[in-house]
Structure formats: C-alpha cells, structure tokens
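Record features (TrEMBL):
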type: REGION; residues: 1-29; note: region 'Disordered'
type: TRANSMEM; residues: 39-62; note: transmembrane segment
type: DOMAIN; residues: 39-172; note: domain 'MARVEL'
type: TRANSMEM; residues: 74-95; note: transmembrane segment
type: TRANSMEM; residues: 107-131; note: transmembrane segment
type: TRANSMEM; residues: 143-166; note: transmembrane segment
C-alpha cells in the first residue's frame, strides 16, 4: 500500500512535465514574475516612483475640494488621474518584469512616447491649475490645497520631462544597437 502514494506522485510529476513542455512548445511560459531590484534604483524607476507619489498628491489635493466649480480644474483632474493610473501600471509592469513576457511591444519607444505626451499634458494641467488660483480666496482651505496641487503638478512635469529624456537615451542606444 505504501507504493501507491509513490506511484501517484510519480504520475503527477510526469503529468506536470508533459503540461510544462506543451506550454513551452505553444510559446507560453508558466514561470512566475520576478521583482526587479535594479529597476527601482535606476533613474527611470526613481522618476516613475516620484511621478506616482506626486501625481497622487495632485489629484487628491484637488479631489478634496469643490473643484467642479472651476471648469479648468476638471481638466487638471482628468490629466492627473489618467497619467497616474497609466504610470502606476507601467511601474508595476517594469517592477515585476512582466514587460519581458510581451516582446512584441517596443517598450523603450512606448516609454518615450508616454513620458513625452504626459509631460506636455501635465504642463497644460499645471498652468491651468496655477491660473485657477485667482478664483480661490487667499488663506482658505481651497486656496492652500490648490496651491499645493499646483506645486506638485509642476514637480510631476519635471519628473515626466526627465523620464522622457532617460527614455530617449535608452531608445537611441537600442536603435543604434540594431
């Protein structure tokens, strides 16, 4: 009776090997995602982290006020939330090395295009945010919150611009290698 568990274990191992080989022959991988420590310490990783933190502050500082009474702040909220969500998704993809599972996408070019367009969109949002300060009363909660969100919006613009430059250099080095 003791041989049955051993036989069933051997059968499970053989079935797992067959399943694994069929996955790999089909172009699929069953490997797990890995945490990339070197990415978080790279310039791009640090900039993406700063974009995520400062972008979160931009839309939470605005979201806590009655920003809907100022039409321009709706655009600021839209840009900050959309860029924050997309940056967070890219950050997770790079941090877990999930992007390596999709080699069909030119990730360096995608990063360049995303960071450049986010920098331009955030610049318009930051300028609109700064121009909207005149509609808040000085010393009131809304004024302080809108002022802080304006400062963080300009910080995010700097981060996206710097990350676009890093992405450009990475893209140029990859295109010269090819």
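Cβ coordinates are placed from backbone N, Cα and C, and glycine is handled just like the others.
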Compare 39-62, 74-95, 143-166 by their Cβ pairs under 8 Å to the transmembrane segment (107-131) and return the stretch that comes out on top. 143-166
When secondary structure is assigned with DSSP, how many helix, strand and coil residues does the domain 'MARVEL' (39-172) contain? 117 helix, 0 strand, 17 coil
What same-chain residues lie close to the transmembrane segment (143-166): Cβ under 8 Å, and 6 or more beyond its ends? 43-44, 47-48, 50-51, 54-55, 57-59, 61-62, 64-65, 67, 73, 76, 80, 83, 111-112, 115-116, 118-119, 122-123, 125-126, 129-130, 132-133, 136-137
